[in-house]
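**Q** Dropping the structure in here first, questions after.
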């Protein structure tokens with residue numbers, strides 16, 4: 001039977017519940033347990049697919065095409081277990097499910113209410129499909145006290161009573177702020193947060209306390225006394241240099257042992273931490289460094305590129321180098337020469353994005369990389385802009401563009417439905433729904449034998465995750481290839497371009513998919529490992 005760990009947050013948001021859940025899962029895995037992590041998001045959106053990156057950060061896409069919270073990326077990277085649609089639920093999805101059931105008459109005329117109908121739907125989500133796991137970790141989004149989170153907290157309170165005794169543990173993540181004027185850490189915010197949680201009917205078993213410095217024993221005893229938690233269960237969560245240091249830090253503080261003890265499980269033997277220690281050692285003792293320019297449009301919020309950042313660091317791990325990131329807003333290149341920004345970097349990465357803003361800047365970044373022989377990695381939108389750049393400057397199609405930006409006579413990039421569906425042209429209404437209208441999830445691709453990208457993968461058959469509405473128009477394939485841009489990867493039916501590259505360039509690759517979503521610290525994605533390797537070579541030239 002699965003045991004359940006419910007992780008809540010208090011005082012402020014963005015304390016790192018997702019990292020805490022992922023780190024605990026990694027520690028339990030290191031002891032040989034089978035672990036699943038689920039995220040319960042209180043917002044009313046059905047999923048984050050149509051939310052602004054500035055509001056929500058990255059949308060993490062799973063193999064089965066779910067658009068989910070970025071925390072699921074942490075779960076995958078720390079545990080190696082692919083997430084799926086059933087690992088993330090939102091209030092919006094819950095309400096939609098309930099309304100559909102009500103319309104079908106499933107409730108037999110009953111008045112539909114938050115309790116029991118909404119809470120039952122949440123509980124069903126938490127309990128479903130856990131037969132093959134020893135532990136199920138459930139992260140509750142938001143902060144205790146938020147009105148949106150109340151149904152979720154009520155649901156996990158009920159589960160504490162309904163599950164067999166000894167199979168549910170509650171962890172509360174809080175903040176102990178340091179007040180410089182007083183020269184001390186303050187326990188009062190945590191006390192009030194726990195008081196709020198207890199008023200709901202949830203008594204935390206473990207306090208995980210974020211702080212920027214060591215918490216004195218006297219303050220731990222104080223928290224233990226006023227929050228009614230064992231002193232050994234007041235665990236400090238100090239700031240660390242990288243997220244990959246967190247499992248080691250939490251193990252040293254005894255989090256995994258305390259969780260097992262709370263379940264009545266002997267915490268011996270110790271977990272095997274070898275691979276985490278190796279990752280930490282490589283991060284803290286690099287043998288060199290490279291600088292990668294990220295030419296994007298959401299650079300004001302780094303969480304919009306969370307998986308991308310981590311995948312670049314993984315590429316650094318594979319090559320034992322530190323990866324420095326130079327963030328450049330693409331729009332800058334529309335009014336300024338890219339050269340001063342790009343001539344000293346060792347690689348240029350143009351990530352995915354939506355809309356016309358910054359597109360011309362990304363095209364100029366691709367042009368600079370092509371002409372100056374600087375390693376270039378174009379992902380999704382970055383591949384599309386590289387193809388438009390080639391069409392304009394190598395093929396001579398001056399007005400080459402994308403239908404994403406408006407009507408154009410030369411749609412080098414467009415909705416695939418605009419040129420092909422069977423053999424019929426299809427139009428999508430510009431005012432139609434955006435949600436659920438993209439190519440999402442894992443799709444196979446066939447790579448050309450002998451191409452650079454096939455050599456990097458070590459295979460001609462791959463499967464990668466997608467998230468896009470627009471594709472490079474296959475009608476331009478022949479002209480672009482004649483100009484030197486090789487379409488090295490296509491969908492198995494030969495209809496949709498998946499990868500492009502310049503054979504005469506040291507490293508210039510564009511991919512329509514998102515390889516960053518499948519990179520892990522212990523298994524860096526081969527494209528990122530190769531890109532950083534090319535950047536190391538470039539660093540010897542500049």
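A Cβ is built for glycine as well, from the same backbone N, Cα and C atoms used for every other residue.
Straight from Swiss-Prot, here's the annotation block:
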ACT_SITE  380  active site, nucleophile
ACT_SITE  514  active site
ACT_SITE  516  active site
BINDING   14, 15, 16, 17, 18, 19, 71  ATP binding site
BINDING   71, 139  Mg(2+) binding site
DOMAIN    291-541  domain 'Glutamine amidotransferase type-1'
**Q** Among the recorded positions 139, 380, 514, 516, whose Cα is within 10 A of the Cα of residue 17 (ATP binding site)?
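**A** Passing the 10 Å Cα cut: 139.
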**Q** Does residue 71 (ATP binding site) have same-chain partners at least 6 apart in sequence with Cβ under 8 Å from its own Cβ, and which are they?
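**A** Once residues fewer than 6 apart are set aside, residue 71 (ATP binding site) is near 17, 18, 21, 22, 39, 60, 139.
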**Q** Of the active-site residues 380, 514, 516, which sits closest to residue 19 (ATP binding site) by Cα distance?
**A** 516
**Q** Where among the recorded positions 15, 19, 380 do you find the Cβ with the fewest other Cβ atoms within 10 Å?
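**A** Minimum Cβ neighbour count within 10 Å, taken over the recorded positions 15, 19, 380, occurs at 15.
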**Q** Report the member of 16, 18 (the binding-site residues) whose C-beta atom has the most other C-beta atoms within 10 angstroms.
**A** 18
**Q** If H, G and I count as helix, E and B as strand, and all else as coil, what does DSSP give for residue 19 (ATP binding site)?
**A** helix
**Q** Which number gives the other C-beta atoms within 10 angstroms of the C-beta of residue 17 (ATP binding site), all protein chains shown included?
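**A** The Cβ of residue 17 (ATP binding site) has 24 Cβ neighbours within 10 Å.
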**Q** Among the active-site residues listed here (380, 514, 516), which has the Cα closest to the Cα of residue 14 (ATP binding site)?
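**A** In terms of Cα distance, residue 14 (ATP binding site) lies closest to 516.
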**Q** From the centroid of the CB atoms of 14, 15, 16, 17, 18, 19, 71, the recorded ATP site, which same-chain residues not already listed sit within 8 A by their CB, in sequence order?
**A** 9, 20, 21, 74, 139, 173
**Q** Looking at the active-site residues 380, 514, 516, whose Cα is closest in space to that of residue 16 (ATP binding site)?
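**A** Checking each of 380, 514, 516 against residue 16 (ATP binding site), the shortest Cα distance is to 516.
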**Q** Please give me the recorded positions out of 15, 514, 516 that lie within 10 Å of the residue listed as 'active site, nucleophile', comparing Cα atoms only.
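**A** Checking each Cα against the residue listed as 'active site, nucleophile', the hits are 514.
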**Q** Taking the Cβ of residue 14 (ATP binding site) as the centre, how many other Cβ atoms fall within a 10 Å radius?
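**A** So the number of other Cβ atoms within 10 Å of residue 14 (ATP binding site) is 10.
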**Q** What does the structure give for the C-alpha distance between residue 516 (active site) and residue 15 (ATP binding site)? Integer Å is fine.
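**A** Cα to Cα, residue 516 (active site) and residue 15 (ATP binding site) are separated by 24 Å.
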**Q** Ten-angstrom check, please: count other Cβ atoms within 10 Å of the Cβ of residue 139 (Mg(2+) binding site), all chains counted.
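**A** Other Cβ atoms within 10 Å of residue 139 (Mg(2+) binding site): 28.
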